[in-house]
């Protein structure tokens, strides 16, 4: 419909083959300049239709001639929108999905926190209770991720390099924290590690109490973050060649030298990635920790639980401020880990 209208309106202008390319460009420029300066009556439907048709005609013409330079002043926003609109559909879907699902909620959180004055924001973010929850959350999450970095790598090594009975069942069980609801995981851990539980009853005579303590929070974080390390390291181990290890052994290298000089360097970036993913997952954990911990302030209260408590008290600003601090610290730590990962890759390539 639009193409027919355009062809009809401009049959005298663009229908002749003898008109040069530059002449067509100049004619389009004149149309755009005229329509941009001409005040169209709102009630005149034909003029509005002509304006729209000529605008799309110009856009179509410029799309077919992307290298043509036209002396028309456009704002940076118009150039940016034009580039975004002309991106491949895969890029547009990706940008749209990330904007709706990730960027908009984060921006909304920052805008909500910006309603507080800087003094009030600082007061909430640096209160004694908030600082105590940051300490419990980040220190415990980091310790859980580091422990899983060691034992998760060991588990991945065993699953890749050895064959044993029920191997597939063990391999599938590693993914159990992915599928298990966090509340069920917390209830299970609290039962097993209680003073009367299977493991808690063995630790109680030693004076070690797990459930409803900070140690219980750490156990819950270890449980839910373990699959991230195993599933990140496992594919790298599967792709590693055994010939290099055998060559190192034939040259007289010990098992430790082979591991530290041959196996660990290409494996280290994937371990860092798994640790980063496990750490970020542990920082945001709520369902399992709220059950296995006593949630006592200054003892085992973590930041996600404090945020929920603020919401229960209708303190939305306080919950948002703590969430912003939690998000910012997590992003900084993840950025540091990613930079370290990139450095290790460049070091390995030398």
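Keep in mind that glycine also has a Cβ here, set from the backbone N, Cα and C atoms.
Because TrEMBL annotations are produced automatically, they should be read as predictions rather than curated entries.
Matching 262-280, 281-299 against TrEMBL, the residues noted as transmembrane segment span 262-280. Within the listed segments 212-230, 231-249, TrEMBL records transmembrane segment for the stretch 212-230.
Among the ranges 41-70, 131-160, the one that TrEMBL lists as transmembrane segment is 131-160. Note on the transmembrane segment (316-340): residues 106, 109-110, 112-113, 115-116, 120-121, 124-125, 130, 133-134, 137-138, 272, 275-276, 279-280, 283-284, 303-304, 306-308, 310 of its chain, located 6 or more positions outside it, place their CB under 8 angstroms from a CB of the stretch.
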